[in-house]
């Protein structure tokens, strides 16, 4: 290749730079450095043009045809150049290794340790935030939904745990755990691994340019996206003010007027039904001819995108809980666990949270919640402990799976994307488990006692027969 020191490959882009190098390279691989070489290159192009004219029976005196043929010749030459670039890149890739695994191993071996640690720190921050963020609302993760369904199916009276009270209780702990996770990653990687985040003006400009490009790639907000955004915002408001507790909710209007109990699923079904009716602004062709307005949500999309496996798993957990209750297994387990009644409640909560955090590392959080929550409910009723004192912290700990990739799908994705080992994930996640379990125990014994009056066994817990 010839010397192109006057050109900046970063401004042009690597692909265009390679093309420019080949454009200034003869077919024999020698650079076109003088006028004679360029003249020979033009003669080669003219020869191609003349061959095109001869084959196509073109008239030499027609200037328009000359331009068109010359353009075709240039296109043919450009195609050769791009094939040469592709072949050169392919050869370079083949030289690095025979397969992708060898390439990854070579990249890891040649990679700067600081870059590797920085990538792991960023990836783990995403995994930690995803697990911690799921505890913020009743719909954040599957264990929260299982707990709400268990309480609704078990007790006749309102328990006081709804969308608003859940947010008020769990949000402070969520923020604290998030800050502690940030601090732990700083200590683990920036101090021990020596990761530096000192930015320069050039790196800042590159990052800003990359983010702007990605943002522009999103395009403008479409009508479908706007409808979904407004619908979801209205749905959240309906959840929060359905029965907030501090004021009468809108569900009380229907209960007083029609005697109908409005559950948390009612606003969801209403929102989905509305999406089936709102036009998206586009038309689609009907099989019988003509055009019909396209709606924001269709049954084909719903059937294809709905996580049916998750619904069956949640329903299976509730079915197991109901089966244990009907068969008398829950009562038997609760009687056996009365032996722990001599322990202080704070110690019982600590044992429960540590056990749940360990189990959720070995199984999915949904399976862990489906098995352990019904047992804890019967245990609290047998020991005359407020059910929230055991159920709420255990449910929160079901989401704290930071150590193993099999615990959550997010951990599996991060393990592959960060190109880290299981030991490295365990080393970072073990401390996060301890810190989050500590925060859960402090929160339930301070804020939880104030919000839910956990020192008193509630009256609604004496009635365990659900409305048919």
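Quick reminder: no glycine exception, Cβ is built from N, Cα and C everywhere.
Summarising the annotation, TrEMBL assigns region 'Disordered' to 1-109.
Here TrEMBL flags 7-21 (among others) as compositional bias 'Basic and acidic residues'.
The compositional bias 'Basic and acidic residues' annotation in TrEMBL covers 34-43 (among others).
The feature compositional bias 'Basic and acidic residues' is assigned by TrEMBL to 65-92 (among others).
The transmembrane segment annotation in TrEMBL covers 122-146 (among others).
Residues or ranges marked as transmembrane segment by TrEMBL: 166-185 (among others).
Per TrEMBL, the feature transmembrane segment maps to 226-246 (among others).
Marked as transmembrane segment by TrEMBL: 258-278 (among others). Here the transmembrane segment (258-278) has long-range neighbours at 138, 148, 152, 162-163, 227-228, 231-232, 234-235, 238-239, 242, 251, 295-299, 302, 467, meaning same-chain residues at least 6 beyond its ends whose C-beta is under 8 angstroms from one of its own.
Residues annotated as transmembrane segment in TrEMBL: 347-376 (among others). Residues 141-143, 146-147, 150, 310, 313-314, 316-318, 320-321, 324-325, 330, 333, 337, 340, 383, 385, 389-391, 393-395, 397-401, 403-404, 406-408, 433, 436-437, 440-441, 444-445 of the same chain lie 6+ residues outside the transmembrane segment (347-376) yet bring a C-beta within less than 8 angstroms of a C-beta in it.
Beyond its flanks by at least six residues, the transmembrane segment (388-407) meets 127-128, 131-132, 134-135, 140-141, 143-144, 146-147, 150-151, 159, 161, 169-170, 173, 345, 348-349, 352-353, 356-357, 360-365, 368-369, 372-373, 376-377, 379-380, 414-415, 422, 425-426, 428-430, 432-433, 436-437, 440-441, 443-444, 448, 452, 454 of its own chain at Cβ-Cβ distances under 8 Å. The annotation transmembrane segment is assigned in TrEMBL to 388-407 (among others).
Under 8 Å from some Cβ of the transmembrane segment (428-452) lie the Cβ atoms of residues 120, 124, 128, 132, 160-161, 165, 168-169, 172-173, 176-177, 180-181, 184-185, 188, 346, 349-350, 353-354, 357, 361, 386, 388-389, 392-393, 396-397, 400, 402-404, all in the same chain and six or more residues away from its ends. According to TrEMBL, the transmembrane segment annotation covers 428-452 (among others).
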**OP:** Sort out the residues at least 6 away from either end of the transmembrane segment (122-146), same chain, that have Cβ-Cβ distances under 8 Å to it, and list them.
**Re:** 162-163, 166-167, 170-171, 173-174, 177-178, 181-182, 185, 264, 310, 313-314, 317-318, 365-366, 368-370, 373, 395-396, 398-402, 408, 410-411, 414, 417-418, 420, 425, 428, 432, 436
